[in-house]
Amino acid sequence: MIVFDNGTRVFINSSTNKDIYVGFSGFGFEKDIGGILGIAHLLEHILISFDASRFVANASTARSYMSFWCTPIRGRATSVDAVRTLISWFFDKDGLKDDFPVSKIKYHIKELENEYYFRNEVFHCMDALTFLANGDLYNGGRLSMLDRLEDIPLILRDRMRTIIGPNVVIFVRELNDVVLSLLANTFGRLPACPLTIPCTVRTIIGGKTIMMPSPFYTVMVRVEPSLHNILSILCLYEIYHLVDYETVDNKLYVTFSFIHEHDYERFLQGSGRLNLTIYKKIRLCYGDDFLMNVYLSFPCIRHDIFDYLTIVNTDTSSMISSLERDIYQSVRTGDYIVVYPNFSNTMSNTADRQLHKTVVINPNIVYASQPTTSIDLMKKQTHNEMYIKYSDAGFIDYVQLALGLRRKIHKHVHGIHIRHQFSADDIKTILESDTFMKYSKSKPAAMYQYLILSFFVSGNTIEDILQHRESVVKLCRTYKNKIVLGKQTRYDIQTLSSFVCGIFKGPSVTSEYLTDIMWKLKRKGLIYSLEFVELQKNMFYLFMFTIYPEDVTTYLSSRKLFTSRCVVVSKKGNTEDFSSMKKDIIIKLR
């Protein structure tokens, strides 16, 4: 680890696939509370800009921090190019960027609204802790920000000026004199302390139960944010599933998720005690995303994570015992947050400005002081890789499992790969639980891309496909048909979602061309993401959720490289109507 004079920390991580990865603590959604929700996320979208033909890059905004990374496409750019590109997002020749014209901001706000729509159609993107801390269930920005468009540049400028050296963490894959000089002359010259200290209002959350869609019964127990408690939680995270942590407003919560309601009840009633045995040596080996989260979330961890190995492996017993005392003291006094699975369409909280269907109540669980049973947690196994074919009957369940557990899904031609550390029995237990099955079926929007794809590539009518939704993925991937695009170039339908999809063909159409189209549509604020799959040579199926379906359709129809196309435009409604979707099936007998 290298520490610049201003407190910026630089770590060399040769195992990462990100050539440069930069995080900023105290720079997330929390900073928007009391002001315009979404400023942090808007700033993320404004800052990141790169040539998609030379680099792969991304950024994310969390509750308490923001992070950015960039890596070159080999043969098209170098590692130093990636470092220069990321630095250019924050610095120009005059120093730290803080001037953002209104003319560009409005398009980013439109993109934020599309991201909000996408995330709430495909995922349950709700933040219970920020909501209870006077934020909202969704804090990523909405179209209503346009009402205060003239105020936003000044707010963005002030937000940028809060960046200080001690809050910056940098991971680099390779460090040489050029990279070190670039970092030292930019991030290394940030102020060591803020020029202004904003007034913050501390929020007392207390004990609450929030009822919202969730695959598990989750309890967030407040504990002291001491170094030993933090290290103890990291130990538990390393060896057990469904154990994690959350931070909000400088408060630390250790989270336990339960598959069965009776385990959750026993834990809060005190009749069951968690088995938190540390049964193997702790290695503190984490992925770069989790490690960045740790460094940014906990200012007390100022050293390299491996400097704490001796402590966690020699003082494990006393550390865990101390954490347990904190946990059960908070459970006794009701200082915890419960996320209780609920999928009802009738419950609504009028204080929720995002109009999500949720309700908040005070917990009424009586604590019994004599534990009589032990609650075992799922142990993490060695790293495994699960391959699920698109034709697998349980394909959608596995996708929902990966999303619910925040696992990355690697897409391939005939299926997906998911890396995990579950035993086969544990996966079976989760997939067969009532709560998970309800959660898996509570977001049907993701299936639309497979429904329409099946219509185009299979010999089935839309009526047949709708009658067999659960097996539609199998229909998508077993075709051997030749697709011929006819005179009808557009179908207008009504579903429970707003999206544009279809088949696009042209001799010069490639995946790179479609990626370029995606970025152009994003810059116009018309979409958040675009999914595509190649069906035949130079013929692709495209799908994108959007709140501007007509604008997206007009843009796609104007692309001259698309010599043939058939577009499906879905208008959102309370009922489904696919009646316009007709096709001819030609059978050749030989």
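We number each residue from 1, going along the chain as drawn.
Cβ atoms are placed via backbone N, Cα and C, with glycine included.
His45 (Zn(2+) binding site) has a Cβ environment of 24 other Cβ atoms inside 10 Å. Swiss-Prot lists His41, His45 with the feature Zn(2+) binding site.
DSSP assigns Glu44 (active site) to a helix in the three-state reduction. In the structure as shown, the Cβ atom of Glu44 (active site) sits within 10 Å of 23 other Cβ atoms. What Swiss-Prot lists as active site is Glu44, and the listing cites sequence analysis.
For His41 (Zn(2+) binding site), the same-chain residues 6+ apart in sequence whose C-beta sits under 8 angstroms from its C-beta are Phe29, Thr61, Leu112, Asn139, Gly140, Gly141.
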